[in-house]
C-alpha cells in the first residue's frame, strides 16, 4: 500500500491500538490517515503544526494526541480527534551531534556522549535496555552500553557504505535499518551481522521506519514523498528467512549495566546540522502548558 503525501516526510508513527498512521512533512504539516486492507487510505487530519519542518512525530496519551518536534526547536501536542493544539513548548531542544539521555520525570539531561565526528542520525534501545544503538552518516552502527555514554563500546562497521538514516527495533536481538540508498535490511546485534535485505523503498534515502500496533505492517517514508506500508510476513519470506521467534544465540552476552532506570529515561540521538536543514519561517512564541500536560504520562 502506498500513500502519496505531496511533500517530503521526515517521520512516521502508528497509533498504539487503531489503524491510524501519522506523518510530519518538511512544510510543517501533520497528516493523519486511516488505513485498511484492500481499501484506499482515508486522510483524517491535514494541519499546519509548525512554521518550519516537522522533524519528529509520535502518538502519546494512548493515541489521543500526537507530539511533533520541529526544526524551529519547538514541540507541539495536537489532539487526534479535532486537530486542535493542546500544548506548545518553544526552544525545547537544539541539534548538537551527541547522544543524550533525558529524564522524563525531571525534564533534565542525565547523561550525554562526547561530540561524535560521525553524525548520529537514528537510535534504538535493545538487549533489554542494556544497549543503545546509533546509526550514523558513514553507515557504521555505534553501540553504547547503558550508563556508559561518553563513548561507544562497539562498532558495526561492515553494515553499509551508505548512511543509516533509520533504525527500528524488531526484537531484543534484531533491528531493521533504512539506508540512504533506499535499502531496508534486517540486522542482528551482538553478534553483529546482516541477516537479510528485506525491501527497497526507492532509489532515495529511507527517512524513517515504524511498525503498526500489531507489528503486521512496516511503514517506511522516503524522499519520494511516499509512505509505503509493507506486509511483514511477505517481507521475511525468502532464501534467508528468519522467523519472528528466532533470537540471536548470545543475546545476553554483554552485561554492562548501572543503576540508571531505563523506564524513566529516554535515549535521544540529536542530529547535527550537516544534513536536511530545510524549512523557512520563525516559530511563533506562545504560552505553554506543556509541563502540566505531560506530567501524568
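The backbone N, Cα and C atoms fix where each Cβ goes, and this holds for glycine too.
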Under TrEMBL, which of the candidate ranges 182-239, 240-297 is annotated region 'Disordered'?
240-297
Same chain, outside the repeat 'WD' (199-233) by at least 6, Cβ under 8 Å from its Cβ: which residues?
1-19, 21, 23, 33, 35, 163, 165-168, 176, 178-184
What is the number of residues in the repeat 'WD' (199-233) that are helix, strand and coil, as DSSP sees it?
2 helix, 20 strand, 13 coil
